[in-house]
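What follows is a short report on a single structure.
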Amino acid sequence: MFSGSSNDDDMTGSDIDTLVLGPKHVSIEDFFSDFPPVLEQMAPSGAIEKVTPVPDAFVPIIKLELSGISIDLLFARLIVPSIPLNLDLKNNDYLRGLDEREARSLNGTRVTDEILELVPQQKTFRLALRAIKLWAQRRAIYANIVGFPGGVAWAMLVARVCQLYPQATGSVIVGKFFRIMNKWAWPQPVLLKPIEDGPLQIKVWNPKIYHGDRFHLMPIITPAYPSMCATHNVSLSTKAVILRELARGGDIVDKIFMKQLNWNDLFARHSFFTNDYKYYLSITASSKTKEAEAVWSGLVESKLRHLVGALDRKGTIAVSHPFPKGFERTHTVSNDQEAEAVKNGSTKYQAKGTKTETTDEVADVNHQVAAQNGIQHPENVETGEQKTNGETRTIYTTTYYIGLELKPLEPGASRSLDISTDAQIFKSTCTSWAGFQPGINDLSIIHVRNFDLPDDVFEPGDIRPTRPKKKIVKKTEATAQKRNIDSLEVSPRYKGYGIYHMSTVVICLFNT
């Protein structure tokens, strides 16, 4: 076992990753066809509740639930006649003859083993890592797909701090973590050991040789050969959010050590919807069947970072912050007008008896594969429309949110923000997928003010934003009032087209 289990990532919702090794005469096709029946025979009766082979994943896996525990089985074929009992996977020669999929499967455990060997005190490392992973999840900055560090990246950051303070306790490591990583000289890479060359013709991270590696903003490099960047998806905006959260964490830990706050304050839930932004983009992927929606929404999620990157290039946007989870909803509509409203993000027709769930709560395998790969075979998707009765039909939606922070406006200046082209390019990128089906799948991007966010993105106890009251101003103050960014309204000329007008800002969207 490796990854989550080795790094003590046993928080609720974590999978146990287990590597299955086979000799050279056992292929990955044999693994997917023959191993599930073997598991069924070996396990106690009824212990295996669900087995889902996912051969098309970036790292091919068999997902299963064993006595309520989620397990991901990975397979790697070694070019040896039999698997020795004293196998040492640190030997780079075991990578010889493997294809890319097999090398990726094997490298997961190699990276984890290296991390554990490179920290001075494993118990301290595990304790500190659990705290940092919990913090990152609570602060909504734990998602490699949309541009935040994933589990392995956070583990390497904690491991580096452990190396710098080999005798420190877990609490000290957590405290040092925030200050060191916030002040790190990015894009200087975080390395647990010098990058090594190996015997194979495999690409190793090297910005001096590979032009693309020079654009990594927060490079965190895996220690096992071939070394790779675990954070290549980080954007300008997600980097800014990460640094902001690291600074916040450092301030809180300082006050904890001075007994002014407690550890619960560090792990407080994020304020993405309640306080962080006034303006949001709502990206809604919709489909006529649940199966089609799982794949379509995963594909859209895999492309979100490209939209964030495009928004980063806008001179008037300071931060475009993607929320790492989508919100899945089921709706019942009786006519085309209601259907269009649902596709554009309305929750008015949400089906009775259903509740909104986040994508990580649902944990649909097809969604996860599409999100990680950005592809899915069209023939694997059921496309028949699901009708509840003769008059109504069901629409399934998954909505993603991007918080927008605008740059300060110079006194007396005006500006316009036109992202219609970026929205259209994003839509074209998604709909060019081979499995996209017009009439089955749809995609909408709209602008939402914080006080118009749907109720289900908030949790009990949250204080949701309210619509600001209009100020009554004297005639002599009219000019100043016109520059108030809070006065947002839909321009009558463009109602229904997603083009929003502010006195000093025009946000132009295609409601696609």
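Glycine is no exception: its Cβ is also placed from the backbone N, Cα and C atoms.
Caution: TrEMBL annotation is automatic and unverified by curators.
Database features (TrEMBL):
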| type | residues | note |
| --- | --- | --- |
| BINDING | Asp15, Ile16, Asp17, Asp72, Lys133, Tyr142, Gly151, Val152 | ATP binding site |
| BINDING | Asp15, Asp17, Asp72 | Mg(2+) 2 binding site |
| BINDING | Asp15, Asp17 | Mg(2+) 1 binding site |
| DOMAIN | 9-119 | domain 'Poly(A) polymerase nucleotidyltransferase' |
| DOMAIN | 124-268 | domain 'Poly(A) polymerase central' |
| DOMAIN | 271-466 | domain 'Poly(A) polymerase RNA-binding' |
Where Asp72 (ATP binding site) falls in three-state DSSP terms: strand
Mean predicted confidence [pLDDT] for the domain 'Poly(A) polymerase RNA-binding' (271-466): 89
Greatest C-beta neighbour count within 10 angstroms, which of the binding-site residues Ile16, Val152: Val152
Winner by Cβ contact number (other Cβ atoms within 10 Å) across the binding-site residues Asp15, Asp17, Asp72: Asp17
Helix, strand and coil totals (DSSP H, G, I; E, B; other) for the domain 'Poly(A) polymerase nucleotidyltransferase' (9-119): 38 helix, 29 strand, 44 coil
